[in-house]
Amino acid sequence: METLCYIADIDRALYHDDYSELDIGLALETLQKRGRNPPSLDKIIDYLSGAPHKVIVADNTSSQAVASAYPSFLRRGISIITPNKKAFSGDYKLWGEIFDTTTPIGPFVYHESSVGAGMPIISTINDLVNTGDEVTRIEGVFSGTLSFLFNSFAPTSGNGGTWSAEVIKAKELGYTEPDPRDDLNGLDVARKITILGRLAGLPIESPAAFPVQSLIPQELEGIANASEFLKRLPEFDSVMEEHKKVAEKAGKVIRYIGSVDVTTGQAKVGLELFEPTHPIATLQGSDNIISFYTKRYGKMPLTIRGAGAGGQVTAMGVTGDLLKIISQM
């Protein structure tokens with residue numbers, strides 16, 4: 001019988017010294033009312049490793065400190081499920097430590113939602129590699145925010161709004177981070193490309209190891225806050241408008257994609273042009289699309305398309321990982 005014995009946010013932690021079960025239906029409410037000061041990561045690991053049953057940690061943070069502690073959790077027999085990209089896209093040494101510490105009989109680490117939220121991206125590339133296929137290239141739209149922006153700014157039919165107007169609209173609709181620059185700098189896409197490249201067999205050192213095109217005007221990189229950034233962004237609409245015109249003259253549309261060529265070892269993130277009928281060009285809303293080109297699939301890639309962002313689909317991916325580990329315990 002699976003039970004909840006520990007839950008925490010950045011300010012509070014809820015647990016019993018004797019590992020008695022927390023009421024999962026009331027856990028969040030009780031955490032807010034009766035939570036203690038959270039212990040240090042070392043003490044959390046000590047506590048969980050002393051539990052009378054096998055333990056699975058769900059890390060739903062984006063914390064580098066927690067990600068860096070994964071090997072310590074795993075060495076104490078604690079399995080991990082997480083959407084946190086930082087453990088798998090940061091220091092390559094940490095990547096090695098994490099997977100050197102897992103075994104076929106546990107502890108386990110699953111991170112389906114680190115790329116594509118609830119889309120089966122990680123499990124698909126793992127299945128391709130583990131069954132002996134050779135992944136030669138990966139390409140796609142990896143950001144729901146940037147998908148929405150370019151589908152609105154440069155639609156395959158009709159006219160889009162100005163770039164700044166589309167960014168503001170995306171923020172108002174909740175598609176962007178609180179500071180849209182965290183989407184526009186391309187780092188989130190670069191992290192996902194790093195993860196997939198590594199899973200395909202490339203020892204990519206970090207997201208800084210390959211070209212990443214930022215959509216933030218250089219003059220606005222040092223702006224103090226998001227409000228001031230959005231206020232000044234219209235000054236630079238002409239830059240993105242020129243990119244769109246170049247695409248239109250070629251009979252194409254502009255999109256922001258990530259790709260990795262496994263055969264040459266080259267990865268990149270940035271703007272590219274596509275025929276209006278290309279699957280990347282025909283995406284709707286904030287959908288993602290990822291294509292795996294492999295020896296087995298030949299010229300026609302294995303393509304996965306769907307909602308690549310959002311709380312519900314991300315939670316589905318994390319819950320799916322939880323069920324996978326439980327089934328192996």
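Every residue gets a Cβ built from N, Cα and C, even glycine.
Annotations in TrEMBL come from automatic prediction, not curation.
The active site, proton donor feature in TrEMBL is assigned to K192. Here TrEMBL flags T61, K85 as NADPH binding site. Sequence annotations record features per position, and here TrEMBL assigns L-homoserine binding site to E177. The domain 'Aspartate/homoserine dehydrogenase NAD-binding' annotation in TrEMBL covers 34-102. According to TrEMBL, the feature domain 'Homoserine dehydrogenase catalytic' maps to 120-323.
Between the CA atoms of T61 (NADPH binding site) and K192 (active site, proton donor) there is a gap of 16 Å, rounded to the nearest whole number. In this structure, the residue listed as 'L-homoserine binding site' belongs to neither helix nor strand by DSSP; it is coil. In sequence order, S62, S114, V115, D188, R191, K192, I195 make up the list of same-chain residues 6 or more apart from K85 (NADPH binding site) whose Cβ falls under 8 Å from its Cβ. The Cβ of E177 (L-homoserine binding site) lies under 8 Å from the Cβ of T145, D183, each on the same chain and at least six residues away in sequence. Broken down by DSSP into helix, strand and coil, the domain 'Aspartate/homoserine dehydrogenase NAD-binding' (34-102) contains 35 helix, 7 strand, 27 coil. Mapped onto three states, the DSSP output places K192 (active site, proton donor) in helix. The Cβ neighbour count for K192 (active site, proton donor), using a 10 Å radius over every protein chain in view, is 27. Within 10 Å of the Cβ of T61 (NADPH binding site) there are 16 other Cβ atoms, across all protein chains. Confidence annotation: the domain 'Aspartate/homoserine dehydrogenase NAD-binding' (34-102) carries a mean pLDDT of 97 in the model.
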